[in-house]
Amino acid sequence: MVLEKTLPINAPEHKSVEKSHKGRTFFRRLAVLVPLSLVFYSVFQCCDRMMMSPEVQGGSCQQPKPAAAPSNLSDFVNQENFAKEAAERLAGAVRIPTMSFDDMGDADKDPRWAPFTDMHAYLKKTFPLTHKNLALSVVGGYSLVYTWEGSSKDSKPLMLTGHLDVVPALTALNRWTYPPFSGTVDDEWIYGRGAGDCKNNVIGILTAVEHLLASNWSPKRTIVLSFGQDEEISGPRGANNIAKHLESIWGKGGIGMIVDEGGMGVDTVYGTQFALPGIAEKGYLNTIVDVDMLGGHSSIPTDHTSIGILSKIVSSVEDSTAFQPQINTASPMWGYITCLAQHGDAKKVPSWIKRGVRAKRPNMDEIADKFAQMSPGNRYLIQTSKAATIFNAGLKSNALAENARVLFNSRIDIFSSPEEVQKIFRGLIKPIAKKYSLLFEGDDVSSGKPSIGNITITWNSPHVASPISPFHLDTSPAWRIFSQAVQASFGEDVVTAPSAMTGNTGQDFISVLWLFIRRGRGLILLYDNYADTRYYWNLSKNIYRWSPARQGTKLNIHTVDEKLIFLTEMDELIRNTDPCRRNQVLYRSVLAAPSISSSILTPSYHRMTIELILQSDAMANVRFD
């Protein structure tokens with residue numbers, strides 16, 4: 001009975017001892033497990049780094065450190081009344097209708113060139129110091145080349161470019177808020193043809209140079225400014241002759257670095273602000289297919305008509321998967337993806353990007369497929385396109401067409417060529433000629449069967465893709481200069497990353513793409529513009545296509561209500577860390593343009609030009625190879 005009575009008393013004491021023992025055991029195990037966990041974590045980290053590609057381990061998206069600070073010389077854009085004065089300078093240029101047409105005649109014969117004389121006079125009046133101190137050459141009739149001689153004769157020049165011409169604005173005039181050549185400035189925007197493409201660049205460059213001259217600054221490195229007269233019609237008189245003129249002076253490879261319009265400006269992707277210059281442009285080719293067959297009355301049709309055969313060809317080309325997305329480590333898009341992985345918000349960057357960039361041997365086919373699946377825009381940055389854009393056949397409702405013709409337009413991947421595209425098209429079309437007993441380019445491919453017609457292919461406007469400009473800090477002084485100028489202009493947190501351009505014939509659909517492609521999800525806005533740089537490939541390997549504008553600050557390029565925002569103080573808001581100053585700038589900006597969201601900020605053409613010049617000059621003793 002005593003035991004029975006004491007057991008309940010002693011039982012709790014036994015459990016307490018047991019718990020104490022277990023507690024000591026837990027902490028002893030914890031003391032062993034924590035160090036082991038740290039060891040395993042260290043080993044994992046080591047292995048993880050070993051599995052990384054050499055490019056990532058070396059920081060293939062390095063940014064200049066310490067970050068470049070803005071110069072006092074570029075601070076003039078924050079002076080009182082600067083924004084309004086700059087807007088009026090640009091508006092004055094917009095009011096001069098320097099339209100270029102596809103059928104423009106010689107500069108000394110076609111009267112449509114007359115406004116360019118007015119533009120020259122306007123620039124001379126508006127920028128007197130520039131015209132007094134810089135040597136000016138007029139080439140090709142109306143293209144301008146300014147040379148600001150530097151003191152260092154061994155330094156290759158920095159070349160800044162733009163164009164004076166604009167696309168015509170003669171239709172849909174009733175849909176414009178203001179007439180296209182009125183150069184209207186309201187409280188927020190500058191309206192008019194050329195406000196965003198690209199008189200803004202021209203006026204911004206000249207304003208910056210005028211300011212440097214007024215500040216008694218002089219360069220070590222020679223600076224060349226070139227403004228073509230017909231970029232919108234592919235530059236045959238303008239950039240073509242500018243290139244010949246400069247090559248005759250400086251020789252092949254004689255220009256150190258060229259910065260032209262283009263690129264994607266500054267945009268926020270996966271939580272980080274990126275400056276995205278175009279460092280390469282796709283190639284170009286038109287494929288024209290003709291089907292010639294006997295005609296006849298539609299009441300007694302043949303089994304197959306020229307239109308039917310051509311339709312089969314179109315379907316064959318459209319359904320083909322011969323062109324596939326491709327990325328390799330030399331691709332600008334691989335550089336871009338690497339920058340996203342290194343500098344984007346880790347919580348927002350897709351796992352396939354992080355996994356692919358970290359891999360020692362990344363699966364490039366998988367990466368290309370993932371990248372392409374994000375949007376049609378992304379796909380055609382890394383894949384040759386094939387689009388039937390013009391179709392002609394038939395003249396009468398009751399007559400079989402004797403000829404049917406289609407034009408396929410292709411933008412050629414930067415690692416492909418016109419010759420490769422031609423081979424693929426022939427391979428897609430020849431089987432149709434064989435199946436339906438047609439000659440193929442005059443040759444019998446149907447094993448002696450009677451021919452019912454002939455299929456011919458012709459090609460026009462073939463252009464190879466541009467060379468890829470360097471985009472690594474450790475090997476390219478030009479990329480370092482550009483990146484430092486971006487930091488000084490837009491802030492140290494803005495990452496400069498490579499991008500590409502689809503290329504070739506103008507930017508007619510940029511506004512549509514802007515609406516189609518959403519910002520902030522890693523999608524790239526295509527800038528469909530070969531610009532004038534294709535003529536400059538012999539002058540420099542360092543060609544960067546970039547207009548220093550934040551997304552949303554220039555709208556409706558090439559269409560109704562083209563316009564540019566002009567509140568330059570917003571960039572000061574981004575850069576300035578002083579809370580009082582930030583609040584002052586934000587308050588004034590909101591008063592001036594209350595409809596602008598804080599994520600859509602103004603371009604700074606003037607500041608970027610000055611910072612490019614100054615950064616380039618600071619490295620005047622560095623060779624551009």
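The backbone N, Cα and C atoms fix where each Cβ goes, glycine too.
Copied from TrEMBL, the annotated features are:
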type	residues	note
ACT_SITE	Asp165	active site
ACT_SITE	Glu231	active site, proton acceptor
BINDING	His163, Asp197, Asp260	Zn(2+) 2 binding site
BINDING	Asp197, Glu232, His558	Zn(2+) 1 binding site
DOMAIN	279-436	domain 'Peptidase M20 dimerisation'
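When the Cα of His558 (Zn(2+) 1 binding site) is compared against those of the recorded positions His163, Asp165, Asp197, Glu231, Asp260, the shortest separation belongs to Asp197. Checking the recorded positions (Asp197, Glu231, Glu232, Asp260) against Asp165 (active site) with a 10 Å Cα-Cα cut-off leaves Asp197, Glu231, Glu232. Taking the C-alpha positions, the distance from Glu231 (active site, proton acceptor) to His163 (Zn(2+) 2 binding site) comes to 6 Å. Within the model, the domain 'Peptidase M20 dimerisation' (279-436) shows a mean pLDDT value of 95, rounded to a whole number. The Cβ neighbour count for Asp197 (Zn(2+) 2 binding site), using a 10 Å radius and every protein chain shown, is 27. Looking at His163 (Zn(2+) 2 binding site) and Glu232 (Zn(2+) 1 binding site), their Cα atoms lie 9 Å from each other.
Counted within 10 Å of its Cβ, the other Cβ atoms near His558 (Zn(2+) 1 binding site) come to 19, all protein chains included.
Neighbour counts of Cβ atoms within 10 Å were compared across the recorded positions Asp165, Glu231, Glu232; the minimum falls on Glu232. Here the Cα atom of Asp260 (Zn(2+) 2 binding site) is found 14 Å from that of Glu232 (Zn(2+) 1 binding site).
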